[in-house]
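Asker: I am attaching a structure below and will ask some questions about it afterwards.
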């Protein structure tokens, strides 16, 4: 009976913080706190418990591919020949100086 009680107590104990597989990084890419990262993972930062935040390479690359749309180019202010002629006609002082 005593052995059963000891086993029951050990089974119901919560693991410590370092034994838990904690999630880390941000909302877009989830990583796991580990001492050594797996082959398909990259250590990106340190977790609170001193372990590495291991991120999956495929998820990280997929997140980098999602980019913001490019900014619209500003309108160019190039004058056409007709615009230039209109400007000259509106300024009579320029006409008199050029003749």
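Placement of Cβ uses the backbone N, Cα and C atoms for every residue, glycine included.
Below, the features straight out of Swiss-Prot:
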| type | residues | note |
| --- | --- | --- |
| SIGNAL | 1-20 | signal peptide |
| DISULFID | 24-53 | disulfide bond |
| DISULFID | 33-47 | disulfide bond |
| DISULFID | 37-54 | disulfide bond |
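Have a look at these and tell me how they're positioned relative to everything else.
Answerer: In the three-state DSSP scheme, residue 53 (disulfide bond) is classed as strand. Just so you know, the Cβ of residue 53 (disulfide bond) picks up 23 other Cβ atoms within 10 Å once every protein chain is counted.
The number of other Cβ atoms within 10 Å of the Cβ belonging to residue 47 (disulfide bond), over all protein chains shown, comes to 19.
Cβ neighbour count for residue 54 (disulfide bond): 23 (other Cβ atoms within 10 Å of its Cβ, all protein chains included).
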Asker: C-alpha of residue 24 (disulfide bond) to C-alpha of residue 47 (disulfide bond): distance in Å?
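Answerer: A Cα-Cα distance of 7 Å.
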Asker: Of 37, 53, 54, which is closest to residue 47 (disulfide bond) if I measure between C-alpha atoms? They're all disulfide-bonded residues.
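Answerer: Among 37, 53, 54, 53.
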